Amino acid sequence: MAKTTTLKEFESVFPKLEEALLEYAKAYKLPEQMLSWYKQSLEVNTLGGKCNRGMSVPDSASILLGRPLTEEEYFQAATLGWMTELLQAFFLVSDDIMDSSITRRGKPCWYRQEGVGMVAINDAFMLESAIYTLLKKYFRSHPRYVDFLELFHEVTFQTEMGQLCDLLTAPEDKVDLDNFSMDKYTFIVIYKTAYYSFYLPVALAMYMLDIATPENLKQAEDILIPLGEYFQVQDDYLDNFGLPEHIGKIGTDIQDNKCSWLVNKALSIVTPEQRKTLEENYGRKDKAKEAVIKQLYDDLKLEDHYKQYEEERVGEIRKMIDAIDESKGLKKQVFEAFLGKIYKRSK
């Protein structure tokens, strides 16, 4: 029987990896002051999240093997998981600067912490480099070492393309709803979120166990990308319709001029009069204008449209999971576990 990891177990691996990263920097005689800065950046930016992406690597590996992982297997899988968390940290530190964000995980964003400022850009680069330091240290002799390397490089580029499309489609200071479209939205969510959050952890587990045949990778991608897309649509829905006490934050997509699923759905069904209301009120840092949009979303019955989308999408995903060929080591349960975590979530 497979075994699910806990956050506590997963986090217990981090100190060893942090030590390896600091030792690597020490070997270059990085001065003490800079070493402690690097340590602080690693801890503040990598720890403190839910670690869903990282924990998906050992979880998927255990399902694929059909048993709990040995200590050595767990360490390997969790190390790959922490590399996905480092990738996430690199993206978040950078994104927060680009978006002029204020808080992250309930604290001021890294670049807004005392004495950090634009040094955060270099810190983000160092978080990305840490992935490859760990990969070399622990997987240099793994038969799929080059595949691991290429996977991280490819997924990083895919995420950056998604971010570029997002930044140019919805600049915060210039509202132009003609720029929005469901096609652009789909591109953004697939590349900015789905690849690194859903495909990457499972592909890493498959490479680790050496069952990443082209057929298995294709089957995984064909299910995990729609799953990631559904997850992001859900996120956009919760930003407006979720309860702040559930989602742990107050939604800001409307004021931030976000190219979200809700605004794109609205644009596809509005009357000319409602379109004018959208144009005049969307993407403004103004509570009253935000309230006008929220009312419009209610008038358009976007909650019902979302629920219809959810049932259709989940139905399609379930069909794909049922059709998986398990003869080459892939397991339906990997995907059922992902779907189970996100279907009808409220946060």
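Note that Cβ sites are derived from N, Cα and C of the backbone, with glycine treated the same way.
Small disclaimer: the values here were computed from a predicted structure and weren't measured.
Lifted from Swiss-Prot, the feature list:
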BINDING   LYS50, ARG53, GLN88, ARG105  isopentenyl diphosphate binding site
BINDING   ASP95, ASP99  Mg(2+) 2 binding site
BINDING   ASP95, ASP99  Mg(2+) 1 binding site
BINDING   ARG104, LYS192, THR193, GLN232, LYS249, LYS258  dimethylallyl diphosphate binding site
10 Å Cα neighbourhood of LYS249 (dimethylallyl diphosphate binding site): matching binding-site residues from LYS50, ARG53, GLN88, ASP95, ASP99, ARG105: ARG105
Cβ within 8 Å of the mean position of the Cβ atoms of LYS50, ARG53, GLN88, ARG105: remaining residues of the chain near isopentenyl diphosphate: GLY49, CYS51, ASN52, GLY54, GLU85, LEU92
ARG105 (isopentenyl diphosphate binding site), number of other Cβ atoms within 10 Å: 14
Spatial neighbours, same chain, of ASP95 (Mg(2+) 2 binding site) - Cβ under 8 Å, 6+ residues apart: SER101, GLN163
Inter-residue C-alpha distance, ARG104 (dimethylallyl diphosphate binding site) and ARG53 (isopentenyl diphosphate binding site) (nearest angstrom): 17
Nearest-integer angstrom distance between the alpha carbons (Cα) of LYS258 (dimethylallyl diphosphate binding site) and ARG53 (isopentenyl diphosphate binding site): 24
Alpha-carbon distance [THR193 (dimethylallyl diphosphate binding site); ARG53 (isopentenyl diphosphate binding site)] in Å: 11
Binding-site residues listed as LYS192, LYS249, least Cβ neighbours within 10 Å: LYS249
Coarse DSSP state, helix versus strand versus coil, of GLN88 (isopentenyl diphosphate binding site): helix
